[in-house]
Amino acid sequence: MLKFAIAVALLLFIGLELREARDGYPQSKVNYCKIYCPNTTVCQWTCKNRAGATDGDCRWSSCYCFNVAPDTVLYGDPGTKPCMA
């Protein structure tokens, strides 16, 4: 039981802190959207509504945003995974 408690505490300490994207959906502080990217249309909608970007592309089931709005603060560079605003 003690090992389980330590493991949970460690996971919480490492990075399960949640923030919110523009649409209020929780996001991880490690910059990954909590969505699966089935196609480019879904990715482009996600980029527009979460990162303020005008374009997006699915790559290896992950959504990447491009042309991010200049006033959007990102934890990475344009062309990285969305939900970083």
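Positions of Cβ are set from backbone N, Cα and C atoms, glycine also.
Feature annotations, reproduced from Swiss-Prot:
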- 1-21: signal peptide (SIGNAL)
- 22-84: domain 'LCN-type CS-alpha/beta' (DOMAIN)
- Cys33-Cys83: disulfide bond (DISULFID)
- Cys37-Cys58: disulfide bond (DISULFID)
- Cys43-Cys63: disulfide bond (DISULFID)
- Cys47-Cys65: disulfide bond (DISULFID)
Disulfide-bonded residues near Cys58 (disulfide bond), in sequence order, restricted to Cys43, Cys47, Cys65 and a 10 Å Cα cut-off: Cys43, Cys65
Fewest Cβ neighbours within 10 Å, where candidates are the disulfide-bonded residues Cys43, Cys47, Cys58, Cys65: Cys58
Distance [Cα-Cα, Å, rounded] between Cys63 (disulfide bond) and Cys47 (disulfide bond): 8
